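> Take this structure, written in structure tokens, and hold onto it; I'll ask about it next.
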Amino acid sequence: MFCKRSKGAESIREVRGGDPTMATSFPTNKISNTKYTIYNFLFLNLYEQFSRFMNIYFLIIACLQLWNAITPVNPLTTWLPLILIFLVSAIKEGLDDYFRYKADKEANNRAVQVSRDGVLVEMRAADIVVGDILYMVENEQIAADVVLLKSSSDGAAYIETANLDGETDLKSRTCLAETQELSGSQVLNFKGVCECAAPNPEIYKFDSRLRLTTDANAESLSLSAKQTALQGCMLRNTEWVYGMVVYTGNETKIGKNKRIPPTKWTHLDQLINKATVAIFTLQVCFIIAFGIAGALWREDKGKKMEYLLVSKEEWYDPIVIPLRFMLLMSFMIPISLKVTMDMVKFYYAQLINWDIHMYDEETNTPAEAKNTAISEDLGQLEYIFRTRPEPLRRT
């Protein structure tokens, strides 16, 4: 397909048939949903870990224990567990991102059937270009945003949009009568022109025009979202369809709605973070009270006990006693809590993946925990809303 951009900001995209070399003006269809790269993993992961107050608290405690004048224990007793905490969290985040990378690789390498010079050839989904004619069969995932041209069901097709909007109810799509009447050979050699809007995130809107020939004076047919199938949708209850690619890669509707996966905090994480702040506030109160009491005792009785060497004062002596109490009370927030939670979360996320009772035989779809950090929030659901009036019989 020949694809033409306007100069400057693109407002109208013109997609023509017959010249695939011009598709180099547009992004490839390669998708990527990973959160990190090899170069930014260390920095981003440390930044995310230190966004938790608990980790900042442990780092402060570990740094204070490097000061021999106040530490009652070997600093390694805190530094080794702290390093282990960061290491376990980094490994868990790395595994989550690796699984996203594997899913992306599988999607990019998935075989699709594309028209090349009027003949269907098998190629990778990542190699699809704007303007290609795709041949898709039942239960196949749509590899790019396409305009439907012809279907096996007299122009009708059904898609599942769960990957886009979470809705599992099938949505009907229809091909234009003018394109449905084309023969298979005519569709594979389609020379029409589609004038559509610039890539945008509106998944329910597609106001475009289609001409069946390259003649600018030819009849222009109106297109809407009813004639589209978007990347990520599944073709259901339809033996086959032909579609013309209009958006690829990051310019698809789902690509325009994609954001960098955020660091999600569960209800339990938020509760623990608040509890940590509250305990730290209580510790500060104790530190101030015990620090004042210690300073008074030091001035009143401590200096009389020569073996304590209290008379040998340093400039930092006023803060020594409060900081010692801070280290002595640091056990109030257990350093093992975070690493234990991360390991448990990862384990029961795997239990979800392994649960045979959550396998859907009809679509051959197993359960998949895409984020191991938020699985426990599934138990916090209180309300389920349905758009249909029928009652829920099983959840």
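Yeah, the Cβs are placed from backbone N, Cα and C, and that goes for glycine too.
TrEMBL does not curate its annotations; it predicts them automatically.
Sharing the features that TrEMBL gives for it:
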- 23-79: domain 'P-type ATPase N-terminal' (DOMAIN)
- 53-70: transmembrane segment (TRANSMEM)
- 76-95: transmembrane segment (TRANSMEM)
- 109-256: domain 'P-type ATPase A' (DOMAIN)
- 277-298: transmembrane segment (TRANSMEM)
- 318-337: transmembrane segment (TRANSMEM)
> Which range out of 53-70, 277-298, 318-337 gives the transmembrane segment (76-95) the most CB pairs under 8 Å?
53-70
> If we skip the immediate neighbours and take only residues 6+ beyond the ends of the transmembrane segment (53-70), which ones have a Cβ under 8 Å from one of its Cβ atoms?
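The answer is 77-79, 82, 85-86, 272-273, 276-277, 280, 314, 316, 320, 323-324, 326-327, 330, 333, 335, 337-338.
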> In the predicted model, what is the mean pLDDT computed over the domain 'P-type ATPase N-terminal' (23-79)?
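Here the mean pLDDT over the domain 'P-type ATPase N-terminal' (23-79) amounts to 86.
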